[in-house]
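As written in Swiss-Prot, here are the features:
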DOMAIN    29-205  domain 'FAD-binding PCMH-type'
ACT_SITE  ARG177  active site
ACT_SITE  SER260  active site, proton donor
ACT_SITE  GLU364  active site
Amino acid sequence: MKSSGAGAAFAGASVADAAPLAPLTTLRVGPTARRLITCASSEQVIATLRRLDTERLAGQRDPVLVFAGGSNLVISDALSDLTAVRLANDGITVEGNLVRAQAGAVWDDVVLTAIEHGLGGLECLSGIPGSAGATPIQNVGAYGAEVSDTLTRVRVLDRGSGQVRWVPGTELEFGYRTSVFKRRADDGLEIPSVVLEVEFALDASGRSAPVRYGELAAELKVPVGQRADPRTVREAVLALRARKGMVLDAADHDTWSVGSFFTNPVVAPDVYERLAGSVDGPVPHYPAPGGVKLAAGWLVERAGFGKGYPVPDPGGPEAPCRLSTKHALALTNRGTARSDDVIALARTIRDGVRSVFGITLVPEPVLLGCRL
């Protein structure tokens, strides 16, 4: 990777040619981009994308990938003609009970900052890798909480008009692991709007949000629905995530992943009843708008894909991509995986679950240049 010296064209943003993208993603898979533009401020992001979009209209540019933390991406190794724009604008400010974070801020830093200011509401989202700007796109959630619970508005760049404006959270059409941003992005490359900044309204009482998730309540030894100290909740969440290999650790290949690869499917009540009647023992399920939410990890394991699948023969080579040995929903890079390895394993698991249960799992990460 070498600097191209073209930063002046992008308001001083850093520009590098022949830039490997794999080290910039949590899965550590991806191509060498033709050009990587790293924007350290929102002004650089705006100037860079306006220029690239002008070039696009003139038919003079490569496909453009906009990303930050790289925690929810599977990028095809074949996409070598990319111009990648990395958001590194990372400011975090607190005013009263409002927390504002620029898109490139490390998400867990946002959570910790809120807690250090005595604000509750984000603590269940501790330890989730990635950037603040990505959280509303997926409506990131964990342990009974979602970003949409506390998000008040986002500042976005409309790439069609070039205008920048604040959009209320009520206009973002949030759903389970989705939003208007995700629904409008055809392939993850031609995204019509880019998040520049997010704002959250949090609880200044010194208490957490109500603990809604049974596993977390058990870890805290409190009843479901009770509030607790946000810092204590954060510590419990981090402990739970670490036991599942869901806290990034460069030395642990179980954490080289995009987190849960499949979303928990929501099925019609009669589908759940048929499933419950066809297996021994209880089927984990939860009420959900429009049906019943099933546990994707349970479906994966019951379909024959246990933790660590495929397990290598004694003394034999390890597959380049395996399920985590700690969590059945995490597809992990064991050190040499390429995008084709990840997609092949994901396809095997999806097809296996569909064959056994008649339920099709949907991938949670953004797939760029590849599909199941």
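Along the chain as shown, the residues are counted starting at 1.
Using the three backbone atoms N, Cα and C, a Cβ is placed for every residue, glycine included.
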CB neighbours within 10 A of GLU364 (active site), counting all protein chains shown, number 18
Other CB atoms, at most 10 A from the CB of ARG177 (active site) | 18
Sequence-ordered list of residues in the chain of the residue listed as 'active site, proton donor' that lie 6 or more positions away and have a Cβ within less than 8 Å of its Cβ, or none, is ALA296, GLY297, HIS327, LEU329, ALA330, GLU364
Is SER260 (active site, proton donor) helix, strand or coil when read with DSSP?
-> coil
